[in-house]
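Enquirer: So that we are looking at the same thing, I have put the structure below in structure tokens.
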Amino acid sequence: MKFRLRANMATSENKQESGIEDLEEGMESLLGSENYIIVDIGANLTNKKFTRDLDSVVSRARDAGVHKIMVTGTTVQSSKEALRLTRLYPESLYSTAGVHPHEAKSWEAETESELRELLASQEVVAVGECGLDFNRNFSPQEIQLEVFEKQVSLACELKKPLFIHERDAHKEVLEVLGRHKERLPSVVIHCFTGDATMAAAYLKQGCYIGLTGYVWKDKSEDGVRRILEDGVVPLDRLLVETDSPFMYPNTRASKLPPYVKEALTEKSLTFLHRYCTFQRNEPCSLPVTIEMIAAYMKKKSEQVALQTTFNALKVFGLTT
Ligand SMILES: [Zn+2]
């Protein structure tokens, strides 16, 4: 199936369309298969928590069914490091290049050209993470806005997808995107933690929604769990990510509904409990998140895995 997926992911629109048909045909037969094929669209593998044993982390991920991982860049330096990692694990790791809103104040005259240089590499598949974080305001809001706008323009010009971080700045992110709507590339709202109204507004703008292990945690009236239960986000706009080493999915939490706990397979839980902790989540925990999402959506986990993988290959053009 791996090769078939790849073969179908050729870049032209037509091929993507026929790829969708083939994929849908193939889905039936895969629903009973034991192994997932998953893409983790956001893992912070440049984090120093992974320096000692990255080999094991990547190979465990593969054993768990996570075949491709996008390494998130948050500064010029970490984006360079992320690209370096992709070269160590070709066809398994990809990366993003961008400046996180927390780091917006580090933007300098040469930052844009450095990002351009990184984005010229095939392995660098998105601009980001970039965006606005008005929750913690580690950089002044005016600077965040300026730096975000620059990166949105860059993504439009280079036709590379945007990998967006947003906290308490939903309206402002939409405003910036709206100013570029004529030529926006695919947009991913990564680690979405907003409510149903926000999800609907992002979807209306054409954005994809990235979900992490946070789905265990949310219990607000119209938060992520509710959104999934109510089918607010269609499967063809959903992407999954671990945001490792963060966002550990705590499947033992008492507030996780019994029907979700029951849907978790032993294999996925083994990877989670053997290798992941609150201190260090890993890409190999992603099957658990897939199974939680599937339980909320009342779908088969294989279907959620396959569709989100298809979405990721399409959005980020992971063709190699
Ligand atoms: Zn983020």
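Note that Cβ sites are derived from N, Cα and C of the backbone, with glycine treated the same way.
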Enquirer: Given the ranges 1-20, 61-80, which one is assigned the annotation region 'Disordered' in TrEMBL?
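Expert: In TrEMBL, residues 1-20 carry the label region 'Disordered'.
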Enquirer: Please check the binding-site residues Glu129, His165, Asp243 against ligand 1 and give me the ones with CB under 6 A, sequence order.
Expert: Glu129, His165
Enquirer: How big is the gap, in Å, between the Cα of His165 (divalent metal cation 2 binding site) and that of Asp243 (divalent metal cation 1 binding site), rounded to a whole number?
Expert: 11
Enquirer: What is the number of other Cβ atoms found within 10 Å of the Cβ of His165 (divalent metal cation 2 binding site)?
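Expert: Excluding its own Cβ, His165 (divalent metal cation 2 binding site) sees 25 Cβ atoms within 10 Å.
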Enquirer: Cα-Cα separation of Glu129 (divalent metal cation 1 binding site) and His190 (divalent metal cation 2 binding site), in Å?
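Expert: Roughly 8 Å, rounded to the nearest whole number.
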Enquirer: What's the CA-CA gap between His190 (divalent metal cation 2 binding site) and Asp243 (divalent metal cation 1 binding site) in angstrom, rounded?
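Expert: Here the two Cα atoms are 9 Å apart.
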Enquirer: Might you list, by sequence position, any residue in that chain lying six or more from Asp243 (divalent metal cation 1 binding site) with a Cβ less than 8 Å away from its Cβ?
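Expert: Listed in sequence order, they are Gly42, Ala43, Asn44, Thr72, His190, Cys191, Thr212, Gly213, Asn281.
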Enquirer: Helix, strand or coil at His165 (divalent metal cation 2 binding site), per DSSP?
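Expert: Its secondary structure by DSSP: strand.
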